[in-house]
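Copied over from Swiss-Prot, here are the features:
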ACT_SITE  C140  active site, nucleophile
BINDING   T11, I12, G110, R169, Q302  NAD(+) binding site
BINDING   S139, C140, N141, H195, G196  D-glyceraldehyde 3-phosphate binding site
Amino acid sequence: MIKVGIIGYGTIGKRIADAVAMQDDMKVVGVLKVTPDYEAKIALARGFPIYTYSDRFDKFKKAGIEPAGTIEDLIKASDIIIDASPEDVGRENKEKYYQRYDKPVIFQGGEEADVADVSFNALANYEEAKGRRYVRVVSCNTTGITRVLTSLILNGIGIKKARIFIARRGADPKEHKKGPINDVVPNPATVPSHHGPDVQTILKDIDIVTMAIAVPVTIMHMHMAYIELSSTYTKDAVIEAFVKTPRIFLADVGSGFQSLAHVIEYARDLGRSRSDFPEVAIFRDSVTIRGNELYLMYGVHQESIVVPENVDAIRAVLGILPKWRSIEKTDKTLKLITEGKVYG
């Protein structure tokens with residue numbers, strides 16, 4: 001049983017904790033919280049011991065929460081650490097704490113790529129993480145792009161270049177201090193956005209350029225992709241690649257999927273925790289072939305898409321299971337859509 005310590009219990013950390021707890025080959029030995037808020041109390045109710053920094057003990061005790069120990073104690077109690085801290089805090093934790101202990105650490109995409117030995121996506125480069133000390137699961141948008149491109153590559157569809165245009169959600173649903181509210185913001189105004197170079201930390205030979213804007217929504221990101229293929233392929237061949245690839249969902253307008261809100265409503269109707277949708281939601285009707293050019297649109301649920309990647313990263317780093325067995329195990333335990341998917 002792999003003992004997993006989780007540093008940070010926010011949007012990503014709490015989802016990873018729940019996902020790890022659903023596996024039969026790993027368990028959560030504790031989560032690190034900085035603030036004794038409602039999330040800390042929910043973590044306790046879920047059976048996760050709460051750790052914090054030594055100078056925060058009194059605040060937790062006053063809130064009725066008895067800390068199980070310090071961050072150092074949590075690291076010592078763990079076989080592997082998932083760092084789900086806010087952007088740039090992971091690097092600080094590495095320099096201040098992780099380097100003192102011989103424990104592997106998995107960072108998130110908010111950190112720069114050089115915080116880790118390898119950037120990770122389960123479909124694309126699972127094997128590269130084996131035995132690595134520091135691994136970084138790439139961001140939500142990078143994960144979405146990498147999945148889509150890898151689904152083509154795995155099914156023998158060559159890619160000459162990819163141009164991806166991203167409409168980023170302005171904030172997560174709970175982020176009351178972020179925006180925009182009534183604006184469309186170049187994010188950034190320069191080209192490329194960081195997503196293209198980030199994809200290249202995994203798919204190193206891919207010719208890719210990305211552009212991004214931030215829009216006043218909270219539910220999901222939307223990507224609009226132009227992909228030049230290495231040869232002429234039929235639309236059916238491309239659709240079949242998406243159908244077979246795990247963690248990709250094809251949304252049909254005729255079935256009621258007319259917007260990203262319908263994807264989230266579908267997640268709610270499935271009874272998924274927190275209305276999560278870790279799959280990339282490709283609008284089937286948008287998939288268009290013109291010669292060797294492929295066009296498509298797809299949604300990325302920023303709060304949950306990286307969760308299965310973190311579970312697989314744990315097994316990849318520790319060499320517990322080979323790639324496809326881990327991906328299938330994760331998908332089934334998290335109750336992702338597995339019908340028609342090919343694992344191997």
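Heads up, the Cβ atoms here are built off N, Cα and C, so glycines get one too.
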Within the same chain, and leaving aside T11, I12, G110, R169, Q302, name every residue whose CB is within 8 angstroms of the centroid of the CB atoms belonging to the recorded NAD(+) site, in sequence order.
S139, C140, D172, E303
R169 (NAD(+) binding site) in three-state DSSP notation:
strand
Test of understanding: give the count of other CB atoms lying within 10 angstroms of the CB of T11 (NAD(+) binding site).
18
Cα within 10 Å of Q302 (NAD(+) binding site): which of the binding-site residues N141, H195, G196 qualify?
N141
Can you count the other CB atoms that lie within 10 A of the CB of I12 (NAD(+) binding site)?
27
Neighbour count, 10 Å Cβ-Cβ cut-off, for G110 (NAD(+) binding site): what number do you get?
19
If you count Cβ atoms within 10 Å of the Cβ of H195 (D-glyceraldehyde 3-phosphate binding site), leaving out that atom itself, what do you get?
26
